[in-house]
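S.K.: Have a look at this one before I ask anything.
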Amino acid sequence: MELDPLLLSRIQFGFVVSFHAIFPVFTIGLASYIAVLEGLFFKTRNPVWEKLARFWTQVFAVVFGMGVVTGIVMAFQFGTNWSNFSQASANFLGPVLSYEVVTAFFLEATFLGVLLFGRNKVPRGVHLFAAVMVAVGTFISSFWILSANSWMQTPAGVEFRDGAVFVTSWMEALFNPSFPYRFAHMVMASFLTGGFVVAGVSAWYLLRKREVEANRKALSMCLWMLLFFAPAQAWVGDLHGLNTLEYQPVKVSAMEGLWETDTNVPLLLFAIPDQANQTNHLEIGIPNLASFILTHDWAGQVPGMNEVAVEEQPPVGIVFWSFRIMVSIGLLMIAFALAGLVLRRGGRFAETPWFLKGLTYMSITPFIAVVAGWFVTEVGRYPWLVWGEMTLAEGLTPSLTGGMALFTLIGYVLVYALVFAAGVYYLMRIFQVGMEDTHTGDHIDEPHSAKRPWSGADVTLEAGGR
Amino acid sequence: MELIDLALIWALIIGFGIIMYVLMDGFDLGQGILFPFAPDEDARDVMMNSVAPVWDGNETWLILGGAGLLAAFPLVYSVFLPALYIGVFLMLTGLIFRGIAFEFRFKARTSKYLWNWAFAGGSILASFAQGVVVGNYIQGFAVENGVFVGGPFDWLTPFTVLTGLGLLAGYALLGSTWLIMKSEGYIQDWAYKITLPLLGAVLAVFVIISIWTPFVNPAVWDRWFSNIQIIWVLPAMTAFFAWVLFRSVQKRQDGMPFVATMGIFVFTFLGLVASKWPYVVPPDYTIYDASSAWESQLFLLLGLLFVIPIVLAYTAWTYWVFRGKVKAGVGYH
Ligand code: HDD
Ligand code: HEM
Ligand code: HEM
């Protein structure tokens, strides 16, 4: 069988970047949360805030570590598998990615050291400052990388000459048409991820009546935040979709599962898209709703897949279903945020078992929604790498053979499986041990009573090793 | 329009970035290389603690190297990475294992030995792969029309294996001299003890590489034995720092061995660059052929001039925060 380096590279890139993405979305949200907790502790000196800050910093360290090691892989993937694309787009992507390194990565990495190891080495104000800098770094990082990605979706501010990109306006290229929507949507996704994980873990503790005071405070904070961000995310998502309709209409056709341009288009709740026959099976939909959402007119006209040649159509099934998964989770999040508001009367939000249990399960949904969202965005871009300008096939490394690509694909899958298993296992241990021991949140302490400090109250990797 | 020789400025900046990376990540990769040979678990704890707060920042210089090449010399980026495809994968795997070992080793108890291996194995693999890159740079690449056309294993030759081993020894030397500076007692004694044999190994590899290189690449021979005698200053300085290192270890001066080792690295690096200048994708492409658009180089340069000093300042500040000896038994948990 002939191995196709293009297909294997796509699978590999999709895999490593999706795997990377789940860590940043969590750390971006969590970094801000930790900065807020440190700030509250700094102002009020209430030890509850410090307890929470130490606990979540410990979680943060593990997730951030996984974000860093998987991110380093990303920095080289462009060159190893997409060298023609790197070469062609370097005039724009090179400076953008370099700016990300010097304005964000150094900031995060350096102040992370102080945040994790410096609690006893620097004044409290400086420690707070380090926490804030780490959080700021994560946003700066998102800014640059999402600008790069958005530019690939909706290129602007450049001209294509002799097979390469030349920047004519940095402002237009950086703030390209889809960038504001993607940045807002992604930042909110990060807050929702941080919020639902913290809420879920706090709920889990409350169900077990552990550290009730601290976890109640944490849950209450999260619920207020989610009440704002969950609906706002749906609103921004809608604007994002309208923007996509303008610049990448065929992607919207795929999201809606619409084969022929039409008016009075229904919103499909269920369908099995059939690319070969250019049709759907088993459609269930709400009449006219898609037309209304996309054109704000019940009879509005929506473009279908037939607007482009069959070879230029993205795989509809993946886009269609990923989109539904994301939106359903978004709606579920809104439902939980509203339920939290209703249960506030009499403080029942911290006591109602079904609600707490539900929140515990909700803590994995943001990760699913984020990966699904990226699948919509990226698979929906097929066959383009740079929309309308360069296809995936043109961007591929010419010397890459199927065998090489397969080797590294298998390698990354194995390595990441190991990293992921160890990381999840260790996070579970942190959650089980909990925040009862105030010392567990810090990385380096002066020698306290025990001669070998980790033989004391600290979390160990093996179950029962405490 | 090309008023300033931006390509030259960028070559200096990238060179600076590479040397920063090699010196900084070198000493923490060195801890991993020396890990299996450490006297005991306490010593390993000290070794790891001595670099735990800074390794992530150190490794960021590598990412800057990658992104900076893409921005300023995209041809280098888009030839080196495909040419070294499998080697890059191995390096990244090494960096992954070693990176997570920092977080997990201290949480582990019965499985601690596994993370010891992850840290050591990862560091050794990554260091070796980086040395192989150096060998490939000396050797040159099969490139046509700006595209790599060689095979998947062109990067692996006896010569590149030797440069791989050489860098391994070099990083171990940076690691042992760093440890001399950061530790005390029996751990420091051990670090002193291994430093001179490591220096011997590094010098031996240098000599073999110097003799071998002309056979791998005749242009380098011309460079060294034709007109410009001034470049012999560079190996002379390397030898001088080797001597300083030797003396300071004998006199047991805490900080000097590390400084001297950095000197060895800097002048070896300059010697390497002098052998090839101005070629960046040997044998055919110079820094001017490999450059990105002038506007792009300028756009990034303006920002860097402003940001890099700030980065250097807060990097220096963290080293200051974590200054001093690392004591055995002070926990990282
Ligand atoms: C919206 C957020 C986001 C997205 C879409 C990406 N990243 Fe990322 N990345 C981050 C947000 C982030 C972060 C929050 O800044 C991380 C997560 C953990 C960390 O250390 O920083 C990070 C880490 C990180 C690192 C390690 C930095 C370090 O050593 O501190 C690299 C090299 C990259 N990323 C590169 C990439 C590339 C090439 C991507 C695109 C394909 C990418 N990231 C997508
Ligand atoms: C971090 C979140 C991201 C996720 C989860 C993600 C996911 C994916 C997936 C699933 C694909 C495969 C699509 C297909 O082959 O049909 C893909 C392709 C691609 N993405 Fe992204 N992406 C993300 C961010 C980015 C960013 C920020 C960039 C660029 C700066 C980028 C560049 C690319 C490129 C070059 C491809 C083409 C290769 C391919 O099709 O596999 N991605 N991505
Ligand atoms: C509830 C209603 C939501 C709507 C209407 C919506 C809408 C959209 C649309 C239209 C896109 C594709 C943009 C493109 O054309 O490329 C998208 C992408 C994405 N969505 Fe959503 N979304 C919703 C909820 C969520 C939630 C809850 C999350 C995660 C917590 C999320 C995370 C993402 C991510 C990460 C992407 C890819 C990045 C991007 O292109 O912005 N979305 N969303």
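Including glycine, each Cβ sits where the backbone N, Cα and C put it.
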S.K.: Given B:60-81, B:258-279, which one carries TrEMBL's transmembrane segment label?
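M.R.: From TrEMBL, the annotated transmembrane segment range turns out to be B:258-279.
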S.K.: Can you see whether the transmembrane segment (B:258-279) and the transmembrane segment (B:113-138) are touching - at least 3 CB pairs under 8 angstroms, only pairs 6 or more apart in sequence?
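M.R.: By the criterion, they touch.
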S.K.: Among B:6-24, B:83-101, B:192-212, B:299-322, point out the range having the most Cβ pairs under 8 angstroms from the transmembrane segment (B:224-246).
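M.R.: Per the Cβ count, the answer is B:192-212.
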S.K.: Take the transmembrane segment (B:113-138) and find every residue of the same chain, 6 or more past its ends, with a Cβ under 8 Å from one of its Cβ atoms.
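M.R.: Result: 29-33, 35-36, 44, 48, 80, 83-84, 87-88, 90-91, 93-102, 104-105, 155-157, 159-168, 170-171, 213, 216-217, 220, 272, 275-276, 282.
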S.K.: For the transmembrane segment (B:299-322), which stretch among B:6-24, B:83-101, B:158-180 has the most Cβ pairs under 8 A?
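M.R.: Stretch with the highest Cβ contact count: B:6-24.
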